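In what follows, a single structure is set out as structure tokens and then discussed.
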Amino acid sequence: MAGLGHPSAFGRATHAVVRAPPESLCRHALRRSQGEEVDFARAERQHELYVGVLGSKLGLQVVQLPADESLPDCVFVEDVAVVCEETALITRPGAPSRRKEVDMMKEALEKLQLNIVEMKDENATLDGGDVLFTGREFFVGLSKRTNQRGAEILADTFKDYAVSTVPVADSLHLKSFCSMAGPNLIAIGSSESAQKALKIMQQMSDHRYDKLTVPDDMAANCIYLNIPSKGHVLLHRTPEEYPESAKVYEKLKDHLLIPVSNSEMEKVDGLLTCCSVFINKKIDS
């Protein structure tokens, strides 16, 4: 089944929901491997700049939720809601320690008058980081955080779109190595597991996507927005953090490119898409 939406509107957004990082992020956020310690002052500054790009530079209405020290991962709002058009699916995160993060997100999205669907099935798990919406269809990564039942509930929620599942073995989430870099353009990392996942997505889809291959999996996570006053906008990792991948993004001449630093969040597996949920509200005439 082909998606019934409008690909030309892909990437449009009027609002962004973000949440401030708590200091507990440094010691208690979930992470796949114990590496460098998070510099909290730097993490706060990077997050402020990220939010500033969305609000001041791009003109989105930013809904800023407060940090909660009892929820170390709460800055990663992407995992707790999937929004498409006027509907928001409040997820059931795969990590039990993150389940209470959904409460404040649900409240914020209710205030924006979205149709709210809650994932109540105790057998289902879904992290938004495993959900790639292309404008035509959904791909859902089956990972340690997201299961088949979670994918089924997403498919039931967004019935106008095809939903295909992709096994994710070596990464935290599907979007740990891919994202949309444009209306028909998938940014994908170069690792064997990333390329294997791309091949599965290509086989599952009726549509042929263009691909943008970057050397670094983490740098394949970028944010594409279609802002009427700015055109095609792409937030991507900085040349200082990922020099070779940044060179690939710089070839996208029809995009307004905005390099964004994310070194501290990455230490606890957070990437650019993790820290925002975008909503496109219809303007009442």
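Cβ coordinates are placed from backbone N, Cα and C, and glycine is handled just like the others.
In Swiss-Prot this protein carries:
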ACT_SITE  H173  active site, proton donor
ACT_SITE  C274  active site, nucleophile
BINDING   L30, D73, E78, D79, R98, R145, V268  substrate binding site
BINDING   C274  Zn(2+) binding site
MOD_RES   A2  N-acetylalanine
MOD_RES   S33  phosphoserine
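This view paints the features noted in Swiss-Prot onto the structure.
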| residue | record | Cβ contacts under 8 Å, 6 or more apart |
| --- | --- | --- |
| L30 | substrate binding site | P72, D73, A95, S97, R98, V268, D269 |
| E78 | substrate binding site | G128, G129, T273, C274, C275, S276, V277 |
| D79 | substrate binding site | D73, T91, P93, R98, E101, D127, G128, G129, R145, C274 |
| H173 | active site, proton donor | D127, G129, D130, G141, S143, R145, T146 |
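Taking the mean position of the Cβ atoms of L30, D73, E78, D79, R98, R145, V268 as the substrate site, the remaining residues of that chain whose Cβ falls within 8 Å of it are A29, F76, P93, A95, D127, G129, D269, G270, C274. All protein chains shown were included, and the count of other CB atoms within 10 Å of the CB of D73 (substrate binding site) stands at 26. The local packing around R145 (substrate binding site), expressed as other Cβ atoms within 10 Å of its Cβ over all shown chains, amounts to 24. All protein chains shown were included, and the count of other CB atoms within 10 Å of the CB of the residue listed as 'active site, nucleophile' stands at 25. A helical conformation is recorded for D79 (substrate binding site) in the three-state DSSP classification. Neighbour density for V268 (substrate binding site): within 10 A of its CB lie 23 other CB atoms from the protein chains shown.
Those residues noted as binding substrate (L30, D73, E78, D79, R98, R145, V268) have their most widely separated CA atoms at a distance of 15 Å. In this structure, H173 (active site, proton donor) belongs to neither helix nor strand by DSSP; it is coil.
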